[in-house]
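Here Swiss-Prot flags 17-183 as domain 'EngB-type G', drawing on sequence analysis. As annotated by Swiss-Prot, GTP binding site applies to 25-32, 51-55, 69-72, 137-140, 166-168, with the evidence given as sequence analysis. Swiss-Prot lists Ser32, Thr53 with the feature Mg(2+) binding site, giving sequence analysis as the kind of evidence.
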Amino acid sequence: MKVKFLGSFFEEFPPPDYPEVVFVGRSNVGKSSLLNMVVGSKVAKVSKTPGRTRAVNYFLLDKKLYLVDVPGYGYAKVGREEMEKWRKMMERYFKERKDNIKMAFLLIDAVAGVQPLDEQMIEWFEYYGIPFTVVITKIDKASQSEIAKTLKQVKRYVGDGAIVLSSAKEGKGKKELLSRILN
C-alpha cells in the first residue's frame, strides 16, 4: 500500500476526485493511531495530548482512495468558540462530501463507551446517508466487562453488523478494517 499525505485543510477540501474513508471520534480515541495501523506506516501524526488534530487531514491511498483524519470532538479543555468552529467545519465537511464518502469509521473507546457526541455523529451519518462502521478502540486497555458493556451500547444503534473491535497497539482489527476500506 502506498500512502501519501496531501495536507491539512481548514476551509477548502481537495477536489472530490476519489472516494473517501473518514475516521471520526472523540479526542484521543485513537483515530490517527488506527489510520497508521491500517496502512502500516506512521503517516498521521499521533499525540497523547487530546485535541492535537485541528484540521481535516487528507491522505491518498494507492492513488484511488482518500483516507481522512478529522479533529476529535468532546475535548473539555477546548473553549466553546473552538468547539463551535469544529462543529461547523465537520457539518460543512459531511454536507459537502456526503456523496463522496464511501465509509465513515466512528471510533469509540472501549473503556469510555458511547458518549452523547457519539450519538450525535450517528445521527449525522443517518441524516446525510453516510454508511458507517463503529470501531471499538483500545481493547488492549479494557477489561472484558468494559468491552462487553460498550458492545451492548453500540448494538443499540447498529445491531450486530457494522462493528469492529480493534487495538492499534496490537494490530487487532486491521484485516476487517482493510476489507471495509478496499471493498
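In case you wondered, yes, glycine gets a Cβ from its N, Cα and C as well.
Structure coloured by features recorded in Swiss-Prot.
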| residue | record | DSSP (3 states) |
| --- | --- | --- |
| Gly25 | GTP binding site | strand |
| Lys31 | GTP binding site | helix |
| Ala55 | GTP binding site | coil |
| Pro71 | GTP binding site | coil |
| Lys138 | GTP binding site | coil |
| Ser166 | GTP binding site | coil |
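If you take the Cα of Gly25 (GTP binding site) and the Cα of Ser32 (Mg(2+) binding site), they are about 10 angstrom apart, rounded to a whole number. It is 12 Å from the Cα atom of Ala55 (GTP binding site) to that of Ser32 (Mg(2+) binding site).
Around the Cβ of Ser32 (Mg(2+) binding site), 22 further Cβ atoms fall within 10 Å across all displayed protein chains. A simple Cβ count within 10 Å picks out one of the binding-site residues Lys31, Lys138 as the most packed, and that one is Lys31. In this view, the densest Cβ surroundings among the binding-site residues Gly25, Pro71 belong to Gly25, judged by other Cβ atoms lying within 10 Å.
Counting every protein chain shown, the number of other Cβ atoms lying within 10 Å of the Cβ of Ala55 (GTP binding site) is 14. Residue pair Ser32 (Mg(2+) binding site) / Pro71 (GTP binding site) shows a Cα separation of 10 Å. Ranking the binding-site residues Asn28, Ser166 by C-beta neighbours within 10 Å puts Ser166 at the top.
Here the domain 'EngB-type G' (17-183) returns a mean pLDDT of 90 for the predicted model.
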